[in-house]
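Please read the structure below before turning to the comments.
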Amino acid sequence: MVQERNMNFKNYRGPTWPELKSLQSTKIDGVITSLQIRNGKTLLIGTNGCEIYSLELANFSSSLRLLKTCHTNAVYDIAFPYNFSLVFATASHESIRIWSTSKMQELLRIVVPNFASSSIVFSRDGKSIISAWNDGVIRAFTPLTGKLIYAIPNAHNKGCSSVAVTSNGKIVVSGGIEGQVRVWKIDPYVQSLIGVLKEHYGPIESVHINNYDTEVVSASRDGSCVIWDLIRLTRKHVIFAHTQFIAAQYFPTGVQILTAGSDKLIGYWEAYDGSLVREVEGSKSGPINAIDMNMMGEYFVSAGTDQIVRLWNYQLGVEVAVGIGHASAITSARYSPNGKFLVTGSSDGGIFVWKVPEKFHIKIPDDISTAIKDEQQASAKATKPPTPTTAVNKPIKSSSSQLVRKTTPLSSGTRAVGIIPGGNRSNEDIRVHASGKSSRASQIAECPAIDPNAQPTIDPCVDTASLADHGDQQEQWETRSQHSTGSQNRLSEESPFAINPGSSPNKPLSSVGKP
C-alpha cells in the first residue's frame, strides 16, 4: 500500500525524490497478474499459479488468505484412503495435494520442485502416501503433515511411472519407463529391493495388486499385460492385444482383469489363464486413459481423451450414465469408497467431482449395513478426527445439470468365452503447506469360508466395511468442478450424468456374445 508523499521540493537539494512512499507490504508466492478491490476493504489478488488470495487493507501482515487454487498442469493420478471417502489426493507436476470432498478445500500441499508425480496410493492403514516420480525416486509422505517418511533413490533409471502397495504395507510394487517391474520390501528403517521382473519392452502405465496380495498385473504400452505371481516373483500369464495398454485393474474377487488402452476398447480377461472374455467399445474417439471399479465390482468408470466420463454396469457391459464437463482430455478417474461419487482429473489441471445417481449406489443388506454403522459410530466416539490447523478454500464452480434421455443399444463383445461374474533424502527441497485430517486406519477382516451350496448376495471375500455411509459425511453431494483458467463448464442442472433408459442394472445377462 502506498500514498502520495507530501513535501516541499524547494528544501530538497537532490536531483529527484519519489512521490509515493510504502505503508504496508506482504509477500505472495508466484507472479501477481491481477488486482481487484472489493467493498473498499478487501483486495483480491490473482497469480500465475492459478491462485486467488484475499487481503484486508486494514491489516496486511495477518489477513492474507488463499481463497481458490488448482493444479497448473495435468492431474496424473487420484487416490482415496482405504475405506474413507471424505478426502482424496491428486498427483501433478511438482506437487501432491490432498482435498476435502465435503468442503472442497485444499488441506495439504506437498511440493517437490522440478519433478512430477505420476502415481500415488495410500497405504491400507492410512499412515503414508506412496508416490512415484519422474526422477526415478519413490517417496512416501505422512498424510497429516506431508513430512517425508522415506525415499527410494534410483528405483528406476528412466523414471518411475506407477506404484502399488500390499494390504499390510510391507511390499511396494513399482513400474518404470524402462519397462521393468520392481518389488520392494518396506521396513521401518530400510527399504530393500527383493525382485526385478523383466518382460515388458515399453513404458509401464499401471500396476495393480489383487485383494489377496498374491498377484500383480502390469500394463504396458508395448501391447502386453503381464500377470505376476507376487509370492514367487515369477510370470504367470501374458495378455497380448493390438493396442497400447494404459490401465489394468483386478475385479474385487480377483477372477478377472479389466483393461483399457489406445484402441478405444475395454477388455475383460480371465486372471487364471489370461484368456479374453469380452470386449466393449469404451470410446467413440481417442484412447481410454483411466478405469476404476467400485468396491463391489458392480459398476466401473472409464474416461479418456474424448472428455466424457462413462459409468458402466460390469456384468452387462452396458453404459448406464455419462458425464460431460471437461474441456480437455481426462487423464485420471477414481471411484469413491462409498460409491456415491466419482473424481476425475484432466490435462488442463481441472478436478471434477461427479455425483453418482442413487440408483447406481452400492446395495448392502440391512443386517450388514446396521452392523457397519454401529461399528463406525463407536469408532467415531472413541477417536474424533482432529480439525486442520490451516485450511484454504478450494474453488467451487457453480454447475448446472440436466437429464438427457438417450437410447444406446446393448454393448456386445466381439469374443465371448466363459461367464461374466456378477457381483531417505534429507537434503531434498520439499515444501509443505497447511495440514489436515486425510485418512483413517482400518482393520482387515479374514475372509470366511464359502459354502458351495449357499447363494450369497454379496461376495464374502470383499470387505464391506467401506461400503457403508460414514456418519459424518453428507448424504447429498453437490456437483462441483475445479479447473484452471481456460476450462469450460458445460454441465446441466439436475445431475451430471445422462441416464440411459435402455439399460437396466438388474436385467439378467441373457447372452455373453452378441444379442
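Don't overthink the numbers, they just go from 1 along the chain as shown.
Note: Cβ is positioned from N, Cα and C throughout, glycine not excepted.
Summarising the annotation, TrEMBL assigns repeat 'WD' to 68-109, 153-187, 197-230, 281-322, 323-356. Feature annotation from TrEMBL assigns region 'Disordered' to 375-515. Look at TrEMBL and you will find 378-395 tagged as compositional bias 'Low complexity'. According to TrEMBL, the feature compositional bias 'Polar residues' maps to 396-414. The annotation compositional bias 'Basic and acidic residues' is assigned in TrEMBL to 469-481.
Contact between the repeat 'WD' (323-356) and the repeat 'WD' (68-109) is supported by 3 or more Cβ pairs under 8 Å, counting only residues 6 or more apart in sequence. Summarised by DSSP class, the composition of the repeat 'WD' (197-230) is 0 helix, 20 strand, 14 coil. Same-chain neighbours of the repeat 'WD' (153-187): 118-121, 123-125, 127-128, 130-138, 193-209, 211, 213, 216, 218, 220, 222, 226, 228, 230, 233, 425, 444, counting only residues six or more beyond its ends whose CB sits under 8 Å from a CB of the stretch.
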